[in-house]
């Protein structure tokens, strides 16, 4: 080849290389995932797709996925939940059949053992743990209403586990040949600034509809290491005790003497979910649909009975609020439907829990409760304002990074915010109440004409009063609602789906929201949430003798 040809070949290779580099740079820039460092963002509302199912249909009791498939006292509805650290988990299951009717006879829970055999090898299972069992009733002292009594619910705590390790287990009662198949779970990583579960799924307001099945199917494909369910589990309280259901209980059944429930929906839900939560730990916090009032003024009985909670391990006296570590993440679950004022047990527990968090070992601080504080939809607008007024300053002072909520049946992600003001040190609030339940999807926004509710309509039963008032500063000062999408709202969309949190290191975490109507590879919203501990140190300085020393 001549010298001229060599020169021309080199020149065109150089030009092609520059062009390719420019294209790659342009593509990378165009597809770069934004981060909170780029914010605050201009508010965006994704257009509502009217072709989507804005309401959902429950799975009937004839669906094979909710039918009882075991015999006698063999275990079913098996689930795993976490304790406070990697070295312990809870295994829960149910044996025996529920009863519903006018002449129920509760099972004797002492007749069936609560035993788990487990180990790091499938065979033999070298360890054994024994737990406790209970039976709960849902009773209605009104003529014509049916009562319910559950199967025997078992909870067994496994201890002495290794971090980030697969364990195999069977549960049941070997003395009556009623043991489950062999399942497995993986423990959380050890707490530390470079130690995190790969993926945490976050979902809310699930119910048990055909949309729910889509949500769970997509969630499974993301292979999470942990599932956070931010309240509203089965929607059993959308039914009468005779099994008649409705999308709107108060609309269809305004004359019932008490808000009824159809408790078998809990059993259907447990059977459907077993394929996921028998091997992936699930952590649940109560929502309003778990209240389920009954005789003797009891409430939340199914919720508190069916799930295992690390309440005692996290020094909480309640199933409604507790905390745990998932590697380098400290997760706090809070109760929005039990007292939370500054004089309440929950608030005092929260003070102690926050004061004892070691951010050198768990840099990330995540809080979870059901109704959102920052919500621009008409549905449930400012409904949790009393809770925000009582608790927001405390959470902000300790540098909570992310807040997950449900309740509103849509998706919304906030800019970093505190006290309705954009603040680089405030948490990102994410509402994922879009799991797929049978109530209608939230599609109207409070900032649209004619949608702003009256302040007098927003009553907080927990505080027995009204806390929602007009804004006192900012663009909406003097108004109860904004007249455009609020600055705190970065992105909102009315679609069913779920989210995945991937903490990458002690300052960067990737949040991805997946819509049910999309393929698994396509995302609806995605952002890196970035901690800035140098800019936003914890604002609390604890004096000697403070709650941290108690």
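In case you wondered, yes, glycine gets a Cβ from its N, Cα and C as well.
Taken from TrEMBL as is:
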- 1-30: signal peptide (SIGNAL)
- 75-187: domain 'Purple acid phosphatase N-terminal' (DOMAIN)
- 199-411: domain 'Calcineurin-like phosphoesterase' (DOMAIN)
- 479-526: domain 'Purple acid phosphatase C-terminal' (DOMAIN)
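The average pLDDT the prediction assigns to the domain 'Purple acid phosphatase C-terminal' (479-526) is 94. For the domain 'Purple acid phosphatase C-terminal' (479-526), residue counts in helix, strand and coil come to 0 helix, 22 strand, 26 coil, using DSSP. Broken down with DSSP, the domain 'Purple acid phosphatase N-terminal' (75-187) shows 6 helix, 55 strand, 52 coil.
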